[in-house]
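Peer 1: Below: one structure in structure tokens.
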Amino acid sequence: MHHATPLITTIVGGLVLAFILGMLANKLRISPLVGYLLAGVLAGPFTPGFVADTKLAPELAELGVILLMFGVGLHFSLKDLMAVKAIAIPGAIAQIAVATLLGMALSAVLGWSLMTGIVFGLCLSTASTVVLLRALEERQLIDSQRGQIAIGWLIVEDLVMVLTLVLLPAVAGMMEQGDVGFATLAVDMGITIGKVIAFIAIMMLVGRRLVPWIMARSAATGSRELFTLSVLALALGVAFGAVELFDVSFALGAFFAGMVLNESELSHRAAHDTLPLRDAFAVLFFVSVGMLFDPLILIQQPLAVLATLAIILFGKSLAAFFLVRLFGHSQRTALTIAASLAQIGEFAFILAGLGMALNLLPQAGQNLVLAGAILSIMLNPVLFALLEKYLAKTETLEEQTLEEAIEEEKQIPVDICNHALLVGYGRVGSLLGEKLLASDIPLVVIETSRTRVDELRERGVRAVLGNAANEEIMQLAHLECAKWLILTIPNGYEAGEIVASARAKNPDIEIIARAHYDDEVAYITERGANQVVMGEREIARTMLELLETPPAGEVVTG
């Protein structure tokens, strides 16, 4: 189908189909990701009806990857990255090796050459950035120990894939034609590693000062549009520069841009302002993956598809599980990492495309990679759901490591009661929290920012890291015997869900919440809040009171 405006058609068609099928998936109690992928299949060239631009869609999806990784970087400090390097580096490399060997074994069964097997195996070895991060975000695990290990593991995988993409042409020439010597290969590898190190060094030394400075200057203008624009310009600009100047992936470039901004107080505002765009383009990523999938392969090569899927779901996951256990982490952590990595994504598509261009991977190989990606991404939410049920039935506190036990079970003294439970410690929450502390009211803070939680704990303030929508987090904060629940988070509808859950757990608790609009006030009140404060209304009321109060020292005549 010819489109006069392919960009607009692709965005509108992709988002509309994703919305419809995402809603249907949600209605059927399955992950919306499945709906987004099916939307891509319907919009792709292999099914009748509407066909989106298959060249534009992946580029739009890459924007989602950039913004998503930038957001992750905003919550991921260099200290966090260094804390997991001992397991992330050897673990990721070993897991890539296992997956590659399994892929080579399958390719040998299919009658492909050694080099084809290596490329095919590498395609099956690296997880999707978007899928992994979405899974962690949905379960509020980004800031947990498990989340930090998974993200560190992902970063190492991305670095290995960057090296692979640069070295593959030289290796292919050496193995297939014999005209590339080891010295040339070593030089290429040295240059690539040098570029990666140079990029990281520049971001740590120069970007660490320059990026926060630019953000501070844009914030000082008082223009929200300029601030949001500066966030997007930095995220996209650094990611693009990383690719063009250093041959580093878009995802890694954006990640380090976010990480150097992490130390700035503006990082949370930046994360909040880019959230809608991140979500929209992340959806387009899943749609673009679905567009590449030809459903006929499920009929033409069912056994090969099942074998490919088995390598992704079980081969690499079991390798990751045993490696994490080998490093002394709990079963919970090992299973979470294994489930997170039980899928493939962006780099698999890029590597498969390069393999096709170099005549190293047949069309059948690329089709198997795409089938494995689609099916593994669809099944990933199911794996996590099964994992959570299994852990709920079998895991005990004794099975966790001491470190995890402290983080997840002993954040709050067991004897605290009749306290104020404050959800959110941003601009509003911090002002309120300081007043409560000054009044000697027992206080527990629930906050999603690890940095803020660490700062509060250093001051001796009880703080729980996590999302208040999670019942386990509320249990840690002792909701059942709290006297007040105060919600200062800006999302009124999320606050309403928290209110309903809290009211069911503690019918007598006094609940005060924040809202921005009249419909949010009504919604939160219906869910069980005692009082809802709308910021704009309170500002107007206070200003009116000031107008009615005569200034000090001035005589009012009437």
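Each residue, glycine too, has its Cβ placed from N, Cα and C.
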Peer 1: To which of E388, E494, E545, E548 does Swiss-Prot also attribute binding of AMP at the site defined by R427, V428, E447, T448, N467, A468, R514?
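Peer 2: Swiss-Prot names E494 for this AMP site.
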Peer 1: Are A108 and A270 on one side of the membrane according to Swiss-Prot?
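Peer 2: Going by what Swiss-Prot records, A270 is on the opposite face of the membrane from A108.
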Peer 1: Hey, does DSSP put V428 (AMP binding site) in a helix, a strand, or just coil?
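Peer 2: Once the DSSP labels are grouped into three classes, V428 (AMP binding site) ends up as helix.
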Peer 1: What does DSSP assign E494 (AMP binding site), in three states?
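Peer 2: DSSP assigns E494 (AMP binding site) to helix.
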Peer 1: Counting other CB atoms within 10 A of each CB, which of the binding-site residues E447, E494 comes out lowest?
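Peer 2: Among the binding-site residues E447, E494, the lowest count of other Cβ atoms within 10 Å belongs to E494.
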Peer 1: What stretch, picked from 32-52, 186-206, 337-357, has the most CB pairs under 8 A with the transmembrane segment (149-169)?
Peer 2: 337-357
Peer 1: Among 4-24, 86-106, 280-300, 368-388, which stretch has the most Cβ pairs under 8 Å to the transmembrane segment (56-76)?
Peer 2: 280-300
Peer 1: Quick one: do the transmembrane segment (4-24) and the transmembrane segment (280-300) have at least 3 Cβ pairs under 8 Å, skipping pairs fewer than 6 apart in sequence?
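Peer 2: Contact criterion met.
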Peer 1: Would you kindly list the residues that approach the transmembrane segment (280-300) from elsewhere in its chain, counting only those six or more residues past its ends and only Cβ-Cβ distances under 8 Å?
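Peer 2: Contacts of the transmembrane segment (280-300) (Cβ under 8 Å, skipping residues fewer than 6 from its ends): 11, 14-15, 17-18, 22, 33, 36-47, 52, 54, 57-58, 60-65, 67-68, 130, 134, 345-346, 349, 367-368, 370-371, 373-374, 377.
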Peer 1: Can you check which residues sit near R427 (AMP binding site), meaning Cβ under 8 Å from its Cβ, same chain, 6 or more apart in sequence, and list them in order?
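Peer 2: Listed in sequence order: nothing, so none.
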